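Pulled from TrEMBL, these are the features on record:
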- H88, H123: Fe cation binding site (BINDING)
- C94, C97, C131, C134: Zn(2+) binding site (BINDING)
Amino acid sequence: MKMEEAIQILKDNGHKYTDKRRDMIEMFINEDKYINAKTVQQQMNNHYPGISFDTIYRNLHLFKTLGIIEGTELDGEMKFRAACTSHHHHHFICTVCGDTKVIDFCPMTEIRASLPNVEIEMHKLEVYGMCEKCK
């Protein structure tokens, strides 16, 4: 996801493009890993002292609904990262630091062949483990 894409998505859906939203989106674009709402709040608090969790959660929900960010549950909490829009792929996610690596393999051809009588609406493949740095 690029900043220009995110701005256009907000505008196309009738939402304001504010400095806080810009900075929040920029944080996700600059991070190449999943981060939780508390981390977002702590980083945003550096530029916007006293920013509330309500503001953070409302924007996280909005961004996720609009497809600007994507979320996953890791260790019992939701974590978020910038949505990947360049090409179809899946992720390896480090369970220690949240770092992600692209997996350019999709098993859907095999899965569809093994389930011929179902209608698959969507899929998401995540592989979890420890990255090279955390191992």
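Backbone N, Cα and C atoms are what each Cβ position is placed from, and that goes for glycine too.
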* Whole-number Å distance between the CA of C134 (Zn(2+) binding site) and the CA of H88 (Fe cation binding site)? -> 27
* **Spatial neighbours, same chain, of C131 (Zn(2+) binding site) - Cβ under 8 Å, 6+ residues apart** => F92, C94, V96, C97, D99, K101
* To do: Output the one of C94, C97 that, of all these binding-site residues, has the highest number of other Cβ atoms within 10 Å of its Cβ.
  => C94
* Asked: Which residue, of the binding-site residues H88, H123, has its CB surrounded by the fewest other CB atoms within 10 A?
  -> H88
* Structure fact -> By a three-class reduction of DSSP, H123 (Fe cation binding site) is assigned coil
* To do: Provide the number of Cβ atoms within 10 Å of the Cβ of C134 (Zn(2+) binding site), excluding the reference atom itself.
  => 12
* Near-site residues: Zn(2+), ref C94, C97, C131, C134, CB cutoff 8 A to centroid -> T95, V96, G98, D99, M130, E132, K133, K135
